[in-house]
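As written in Swiss-Prot, here are the features:
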type: ACT_SITE; residues: Glu54; note: active site
type: ACT_SITE; residues: Asp71; note: active site
type: DISULFID; residues: Cys25-Cys145; note: disulfide bond
type: DISULFID; residues: Cys49-Cys133; note: disulfide bond
type: DISULFID; residues: Cys83-Cys98; note: disulfide bond
type: DISULFID; residues: Cys94-Cys112; note: disulfide bond
type: DOMAIN; residues: 20-148; note: domain 'C-type lysozyme'
type: CARBOHYD; residues: Asn58; note: N-linked glycosylation site
type: SIGNAL; residues: 1-19; note: signal peptide
Amino acid sequence: MKAAGILTLIGCLVTGAESKIYTRCKLAKIFSRAGLDNYWGFSLGNWICMAYYESGYNTTAQTVLDDGSIDYGIFQINSFAWCRRGKLKENNHCHVACSALVTDDLTDAIICAKKIVKETQGMNYWQGWKKHCEGRDLSDWKKDCEVS
């Protein structure tokens, strides 16, 4: 786990020049426009909270896991199951290159996150959400953000 954190830090430093870290309210607007508010019963606050605890709203966040797979982007979507990293035999359920999940354009990441919620166990896929967001009052996550 410690190694994963160090590799994440290195990844952020290497890609820092191209990195975009969104603000909470900017993400609230993007997520709202993308139809995430109440998607499969999860409020906008759930999505904003989850993104914060998964990536700190950093579009280029990458975490190398012990099994050699990598979690990518603002939602930390895993390469083994959800995206294509290269020649490895990943499942690529989202039919997207992992590199598309670490750009400032969140379209592919949002589409993939919706697929994860719909096809797995809701937001339980994300440990950050389970630990910090699940079952809590999340109304403050969109407070003062000018979203409905």
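The backbone N, Cα and C atoms fix where each Cβ goes, glycine too.
Since we're looking at a predicted model, the values are computed, not measured.
When the recorded positions Cys25, Cys49, Asp71, Cys133, Cys145 are ranked by how far their Cα is from the Cα of Cys112 (disulfide bond), Asp71 comes first.
Cys133 (disulfide bond) and Cys98 (disulfide bond) have their C-alpha atoms 26 Å apart, to the nearest angstrom. Sorting the domain 'C-type lysozyme' (20-148) by DSSP state (H, G, I as helix; E, B as strand; all else coil) yields 54 helix, 14 strand, 61 coil.
For Cys94 (disulfide bond), the nearest neighbour among the recorded positions Cys25, Glu54, Cys145, judged by Cα separation, is Glu54. The average pLDDT computed for the domain 'C-type lysozyme' (20-148) is 95. Here Cys25 (disulfide bond) is positioned 14 angstrom away from Asn58 (N-linked glycosylation site), judged by their C-alpha atoms.
In sequence order, Ile70, Tyr72, Ile77, Ser79, Cys83, Arg84, Arg85 constitute the residues six or more apart from Cys98 (disulfide bond) in its chain with CB-CB distances below 8 Å. Taking each Cβ in turn and tallying the other Cβ atoms within 10 Å, the top scorer among the disulfide-bonded residues Cys83, Cys94 is Cys83.
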